Amino acid sequence: MTTPRTKHFLAQVEERIRRHSLPSTSGRHRTRCRSKAALRPHEPVSRRTYLSGVGLSIAAIALVWTVLSYGGVVPPLFLPSPSDVVRAAIALLREGSLPVHMRASLSVIVSGWALAVVVAVPLGILMGTLKFVEALLEPVVDFVRYLPVSAMIPLLILYVGIGAAEKVAVIFIGTFFQLVLLVADVSSNVSKDLLDSAYTLGAKEGTVFSRVLVPATLPGVMDNLRITMGWAWTYLIVAELVAADRGLGYLILDSMRGLFTDRIFVGLFVIGLLGLAFDLVFKWMHRTLLPWSPKA
């Protein structure tokens, strides 16, 4: 049973976890020399400055695209103009096919990634904290994660067929083995002093795990979930390569066969926008659900 003294100590431990990062800058330091803040490592900038940088990068890309396409530098077959891409997107929306492709791809991505998360996060935490579990799993994980997912497609077709299960399996394999090692690395870097101090004051293994280890690990795990979601989208084309009749990957591959470059760009833009939306959701969840994180 946890004693009052242990509870007080664990509260102090949680406070140390909240501060477990680079030293935060003082308010006076943050307000000094705002004009040079953008050039200083880890120095915060105003929201206006940040949004200006975002707008500048988008404007630069749009300008280069416009010059290359409308200026005739690159033929339309290889680089459609922005107006051509917009017209292709409108046509796909009017046909009703674009929402169908989006729903199909989202179903595959979320299912495969979520399954990988459910299995990989607990295993990763155990690998990072228990050396015996690390000895059991790390050789296998290290071996499989270097295998190209595309090379496994024939076996996946043999094992699970060519339906939705094969596509979900591609996403699962593409993210699971990487995520296990990322989570293991995060949990192995939790300060051992925090764990030893908790044990010294009489905290049991379950209390140390739930009140010290897991809270210290969660910020890094959340970052890794965000990273592997991005990887999941990169495997979409591979997942929808065989026997697909819908999905953004299928849209891109089918458009490639007909040399509809404008539709290829539509598929790429939609994937990028959906990925950006997921990225923003993960950042919001990090700030909202993990207030002790340095990034909150």
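Including glycine, each Cβ sits where the backbone N, Cα and C put it.
Predicted automatically and left uncurated, TrEMBL annotations should be read as such.
Sequence annotations record features per position, and here TrEMBL assigns domain 'ABC transmembrane type-1' to 102-282.
The annotation transmembrane segment is assigned in TrEMBL to 49-68 (among others).
What TrEMBL lists as transmembrane segment is 105-123 (among others).
What TrEMBL records for 143-161 (among others) is transmembrane segment. Long-range contacts of the transmembrane segment (143-161) within the same chain, counting only residues at least 6 positions beyond its ends with a Cβ under 8 Å from a Cβ of the stretch, are 169-170, 173-174, 177-178, 181, 235, 238, 241-242.
The transmembrane segment annotation in TrEMBL covers 168-187 (among others). Below 8 angstroms of C-beta separation, residues 108-109, 111-113, 115-117, 119-121, 123-125, 127-129, 134, 137-138, 141-142, 144-145, 149, 152-153, 156, 160, 213, 217, 220-221, 224-225, 227-228, 231-232, 234-236, 238-239 of the same chain, each at least six residues beyond the ends of the transmembrane segment (168-187), sit close to that stretch.
Counting same-chain residues at least six beyond the ends of the transmembrane segment (232-253), those with a Cβ under 8 angstroms from any Cβ of the stretch are 92, 97-98, 100-102, 104-105, 108-109, 112-113, 149-150, 153, 157, 162-163, 166-168, 170-171, 174-175, 263-264, 266-268, 270-271, 274-275. Here TrEMBL flags 232-253 (among others) as transmembrane segment.
Here TrEMBL flags 265-285 (among others) as transmembrane segment.
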